[in-house]
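Heads up: the structure comes next, in structure tokens.
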Amino acid sequence: MPSLRCLYNPGTGALTAFQAPVGQMTHQSVLADFIPLKRKGDAGRYWHLEMAVLSLPTTTQNILCTAVSDRQLVLKSTVPSSYAGARDIHNIACQTGKLYNFPYFQYLYVSFNPPFLQTKLANGTSSMIVPKQRKLSASYEKEKELCVKYFEQWSESDQVEFVEHLISQMCHYQHGHINSYLKPMLQRDFITALPARGLDHIAENILSYLDAKSLCAAELVCKEWYRVTSDGMLWKKLIERMVRTDSLWRGLAERRGWGQYLFKNKPPDGNAPPNSFYRALYPKIIQDIETIESNWRCGRHSLQRIHCRSETSKGVYCLQYDDQKIVSGLRDNTIKIWDKSTLECKRILTGHTGSVLCLQYDERVIITGSSDSTVRVWDVNTGEMLNTLIHHCEAVLHLRFNNGMMVTCSKDRSIAVWDMASPTDITLRRVLVGHRAAVNVVDFDDKYIVSASGDRTIKVWNTSTCEFVRTLNGHKRGIACLQYRDRLVVSGSSDNTIRLWDIECGACLRVLEGHEELVRCIRFDNKRIVSGAYDGKIKVWDLVAALDPRAPAGTLCLRTLVEHSGRVFRLQFDEFQIVSSSHDDTILIWDFLNDPAAQAEPPRSPSRTYTYISR
């Protein structure tokens with residue numbers, strides 16, 4: 001008959017047994033199966049090993065006895081062919097119990113330190129080996145009833161005080177037994193109990209904090225838990241929570257159309273979908289998210305191209321976009337507004353007498369800077385010119401505005417800080433001087449104004465006082481682009497590199513190399529950096545890895561995108577797309593959500609899976 005080898009599973013504290021030919025069972029293999037036998041740091045507690053030897057030949061018994069002996073396990077003087085009882089490891093103490101003969105069975109489940117040993121037979125039935133009951137003294141039997149009688153006559157507070165006193169007289173070993181006895185008595189299924197008392201909303205609120213994996217598990221606990229999750233529309237609430245807190249989910253809700261079924265929106269047909277609709281929707285959203293991430297890493301995208309068709313000089317120097325429009329500033333002195341869906345030009349704004357080098361817009365105004373040295377303010381809806389600011393004496397290279405404040409920078413080496421009371425009421429607050437060459441880019445938040453120049457430096461200024469704070473040195477040539485958020489500054493230079501800086505201490509955290517010419521534009525979010533350069537290439541970098549000093553430099557560039565035939569002047573991106581402009585007079589929209597090649601392939605299972613049980 002084949003022998004049984006026992007394998008220890010540290011995760012479950014269990015030994016499982018399976019058939020192995022006798023010829024394959026060696027001293028070493030048996031030893032390996034019993035390591036480790038004692039769990040470290042277990043405060044002197046020793047495991048009890050339950051072992052069964054099932055009609056083993058003498059040779060196999062000898063191997064087993066030798067292996068067990070080497071691990072300081074004590075067996076009886078002879079190993080019965082049917083069963084050897086529990087052994088106390090290292091303590092050289094032997095527990096003897098009843099021996100049972102189990103002929104012909106093939107599988108055995110053995111656990112550590114169980115209240116009883118359960119063995120599974122070949123026919124699927126189970127047999128219990130129950131330890132002997134402790135023998136109680138005669139005096140205890142007599143006096144117990146009397147004690148219980150007195151105990152029942154006391155008040156609840158007296159009973160509690162007596163039991164506390166009684167427990168305080170016991171040893172640690174007894175406390176452990178009492179704890180094991182009380183633990184199941186103290187457990188409560190509150191999710192089932194609350195609705196029974198008319199408190200369904202509390203049970204639903206508790207489960208509404210679960211993530212998807214935990215919510216799946218909660219549904220499978222029992223019918224009542226499933227009812228609470230279903231009646232409480234908890235899958236809908238989970239999706240709504242993700243849409244509120246994650247811009248990727250929010251964007252998917254708009255692009256895929258399922259946002260109309262969330263929050264208090266009235267569905268198109270007037271009928272609210274059941275919980276099962278949202279339960280089935282969740283894995284589809286996860287699949288979309290993983291597809292987007294894969295497309296970014298693999299460079300899979302669909303491409304749309306806008307030909308600007310400039311009549312004189314060609315080139316698109318700057319742009320900004322939203323879901324409805326793209327606003328672009330051109331070398332031919334115009335601002336063109338494009339419909340994002342049809343890619344048609346909706347409006348052309350004229351007034352600048354030089355190339356439009358920078359722009360920004362919000363829900364009210366478009367503000368542009370030009371090589372004609374002026375800053376102009378336009379109504380975003382009508383295209384009417386509302387204001388013209390004349391301060392800089394050379395080209396306005398970049399500008400940013402937010403919360404009633406605007407910062408502009410110029411080829412004249414200065415930075416101007418403006419107060420914006422309204423589109424027509426904009427006044428100069430302060431001029432910052434310190435750079436020794438043209439100031440190419442500025443960015444700011446409530447704490448710092450950050451500027452970068454052709455003098456190879458990045459300067460940091462206090463936003464409130466406009467006082468100089470520090471200089472970041474490191475680039476070997478002039479700096480053409482920069483973005484600042486939180487503590488991180490990312491800059492691109494004509495030395496062909498990208499640098500990551502900690503603004504608080506001024507340290508350079510990482511240098512990214514890969515572009516072959518001047519890095520002209522750069523943007524980053526929480527996951528990635530996207531850069532464009534005069535080599536006509538757009539590169540996507542892993543920001544998380546770039547901030548990890550252990551990450552090899554060769555793994556940081558995820559993908560290089562080559563579609564522009566000229567220098568890349570400006571780009572912006574979000575979770576779904578990159579929009580870029582170039583000297584080749586085109587605007588490209590790189591869509592990483594709707595990749596035609598991926599849609600033609602058969603659907604693939606997501607790498608992250610959840611279990612959904614139909615009922």
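Positions of Cβ are set from backbone N, Cα and C atoms, glycine also.
TrEMBL annotations: computationally assigned, not manually curated.
Here's what TrEMBL has on this protein:
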type	residues	note
DOMAIN	200-238	domain 'F-box'
REPEAT	322-339	repeat 'WD'
REPEAT	349-388	repeat 'WD'
REPEAT	389-428	repeat 'WD'
REPEAT	432-471	repeat 'WD'
REPEAT	472-511	repeat 'WD'
REPEAT	512-543	repeat 'WD'
REPEAT	561-600	repeat 'WD'
- Task: For the repeat 'WD' (389-428), find every same-chain residue at least 6 residues outside the stretch whose CB is under 8 Å from a CB in it, and list them.
- Result: 354, 357-360, 362, 364-365, 367, 369-377, 379, 435-444, 446, 449, 451, 453, 461, 463, 466
- Task: Can you check how the pLDDT averages out over the repeat 'WD' (389-428)?
- Result: 97
- Give residue numbers and ranges for long-range contacts of the repeat 'WD' (561-600): same chain, 6 or more residues beyond its ends, CB-CB under 8 A. 247-248, 251-252, 255, 288, 291-292, 295-296, 299-310, 314-321, 326, 328, 338, 517, 520-521, 523, 525, 530, 532-534, 536-540
- Task: Provide the three-state DSSP residue tally for the repeat 'WD' (432-471): helix first, then strand, then coil.
- Result: 0 helix, 24 strand, 16 coil
- How do the residues of the repeat 'WD' (389-428) split into helix, strand and coil according to DSSP? 0 helix, 28 strand, 12 coil
